[in-house]
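Below you'll find the structure, written out as structure tokens, and then a few comments.
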Amino acid sequence: MIGVVGAGAFGTALAVTLARAGRQVRLWGRDAGTMAAARGTRTLPRLPGVILPAGIHPTADPADLRECDTLLLAIPMQRLGATLPTLGLTPRHAVAACKGVDLTTLQGPTAILRAALPGAVPAILSGPSFATDIARGLPTALSLGCIDEAAGAALQTLLSTPTLRLYRTTDVAGVELGGALKNVVAIACGAAIGAGLGDSARAALMTRGMAEMMRLATAMGARRETLMGLSGLGDLALTCASPQSRNFALGHAIGHGDAPPDATTEGTATATAALRLAETHGVDMPVTQATAALVAGRVTVKDAMKALLDRDLTEE
Ligand SMILES: NC(=O)C1=CN([C@@H]2O[C@H](COP(=O)(O)OP(=O)(O)OC[C@H]3O[C@@H](n4cnc5c(N)ncnc54)[C@H](O)[C@@H]3O)[C@@H](O)[C@H]2O)C=CC1
Ligand SMILES: O=C(CO)COP(=O)(O)O
């Protein structure tokens with residue numbers, strides 16, 4: 001049995017594709033009323049129009065997840081560390097499905113899992129996938145990072161479905177950092193488009209953003225080829241190009257002078273966390289620096305772009 005922690009858009013989408021493939025899923029959300037209603041209506045508010053298959057048991061009682069060998073964690077990154085200990089669960093495998101760097105500890109999701117669930121093998125699931133696409137059964141491919149090769153292979157089989165294809169790797173740092181850092185670049189690209197700076201500016205930000213993602217990730221032990229894969233280039237391409245991305249939409253709102261959308265935008269906190277990591281590892285991250293200043297309201301898009309353009313000319 002698989003337990004999914006977090007009944008937001010992504011947790012619900014993962015539960016839906018797994019249940020359609022015949023897995024039994026317990027889906028935990030923190031709001032008792034919402035989860036009780038979901039048992040009747042077979043729908044959840046974050047994924048309107050998607051019917052929960054019979055194999056999903058929606059619950060707000062963490063005890064219902066005690067018999068789940070494998071847990072998927074799909075709650076916002078900055079809540080992960082505080083939420084896990086309150087659930088009292090001891091799974092064999094714990095798979096993070098969130099993207100980001102914890103602002104307090106500067107750790108990625110699997111380090112948070114290792115500390116909170118010491119008996120579980122930690123893993124990370126990340127890559128280009130909008131929750132609505134997964135829930136609609138559209139073709140999707142993700143990376144599964146797990147240091148333990150046997151556990152990684154077992155999880156790859158357990159969590160792949162006819163429409164969700166997982167590729168496995170032992171490069172956990174690469175998968176984590178690819179998924180975390182692309183959100184920051186997506187905000188920058190959204191801001192450029194929102195401010196009317198054009199598609200060429202977006203392409204430049206994506207490319208130079210990718211260069212600094214690589215610099216930080218490899219300084220932290222990740223492999224370049226992982227960053228060139230699904231959880232890196234793949235997710236960067238998706239979120240920097242699609243208005244469906246909440247991080248892109250946040251940037252777009254800032255660039256256009258609109259009110260920021262009320263949505264989970266992991267790139268906001270991760271921009272600041274990534275800058276701190278960059279300092280520790282002696283890595284230059286100008287796009288991330290500009291984005292952190294932009295979301296904090298310290299600079300305008302025009303000033304941020306001017307600061308990027310005014311930097312000393314250098315080799316690619
Ligand atoms: N929505 C998407 O298309 C994708 C999302 N993700 C990742 O999945 C993670 C979750 O995002 P979404 O599901 O999209 O967000 P969401 O905003 O749809 O849902 C977040 C859920 O977490 C719950 N939550 C918030 N704080 C909590 C806490 N302290 N304890 C328990 N539950 C809490 C909320 O009630 C909500 O149900 C993020 O890290 C995101 O980057 C990854 C790939 C795709
Ligand atoms: O991570 C995602 C797609 O892979 C979802 O992106 P947003 O969180 O920006 O919506």
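Including glycine, each Cβ sits where the backbone N, Cα and C put it.
Sequence annotations record features per position, and here TrEMBL assigns active site, proton acceptor to Lys182. Annotation source TrEMBL lists NAD(+) binding site at Gly6, Ala7, Gly8, Ala9, Phe10, Gly11, Ala131, Arg246. The annotation NADPH binding site is assigned in TrEMBL to Phe10, Arg30, Lys99, Ala131, Arg246, Glu266. Per TrEMBL, the feature sn-glycerol 3-phosphate binding site maps to Lys99, Gly127, Ser129, Lys182, Asp235, Ser245, Arg246, Asn247. Residues or ranges marked as substrate binding site in TrEMBL: Lys99, Arg246, Asn247. The domain 'Glycerol-3-phosphate dehydrogenase NAD-dependent N-terminal' annotation in TrEMBL covers 2-150. The annotation domain 'Glycerol-3-phosphate dehydrogenase NAD-dependent C-terminal' is assigned in TrEMBL to 171-305.
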Among the binding-site residues Ala7, Lys99, Asp235, whose Cα is within 10 A of the Cα of the residue listed as 'active site, proton acceptor'?
Lys99, Asp235
Within its own chain, what residues at least 6 apart in sequence put their Cβ under 8 Å from the Cβ of Asn247 (sn-glycerol 3-phosphate binding site), listed in sequence order?
Asn183, Val184, Ala186, Ile187, Gly190, Thr239, Thr265, Glu266, Gly267
Suppose we screen the binding-site residues Phe10, Ser245, Arg246, Asn247 by Cβ distance to ligand 2 with a cut-off under 6 Å; which survive, in sequence order?
Ser245, Arg246, Asn247
Measuring Cα to Cα, how many angstrom lie between Phe10 (NAD(+) binding site) and Asp235 (sn-glycerol 3-phosphate binding site)?
15
Inter-residue C-alpha distance, Ser245 (sn-glycerol 3-phosphate binding site) and Gly6 (NAD(+) binding site) (nearest angstrom):
19
Please report the number of other Cβ atoms within 10 Å of the Cβ of Phe10 (NAD(+) binding site).
26
Quick check: in three-state DSSP terms, what is Ala7 (NAD(+) binding site)?
coil
Asp235 (sn-glycerol 3-phosphate binding site) and Ala9 (NAD(+) binding site), distance between Cα atoms, whole Å:
17
Recorded substrate site residues Lys99, Arg246, Asn247, farthest C-alpha pair in Å:
13
Give the sequence-ordered list of residues that share a chain with Gly8 (NAD(+) binding site), lie 6 or more positions from it, and have CB atoms under 8 Å from its CB.
Gly29, Arg46, Ala74, Ile75, Pro76, Thr264
Quick one: of Lys99, Gly127, Ser129, Asp235, which binding-site residues lie within 10 angstroms of Ala7 (NAD(+) binding site), measuring between C-alpha atoms? Sequence order, please.
none
What is the nearest of the binding-site residues Gly6, Gly11, Arg30 to Gly127 (sn-glycerol 3-phosphate binding site), using the Cα of each?
Gly11
Alpha-carbon distance [Gly6 (NAD(+) binding site); Arg30 (NADPH binding site)] in Å:
7
DSSP state at Arg246 (NAD(+) binding site), helix/strand/coil:
helix
Count the Cβ atoms, other than its own, that fall within 10 Å of the Cβ of Asp235 (sn-glycerol 3-phosphate binding site), considering every protein chain shown.
27
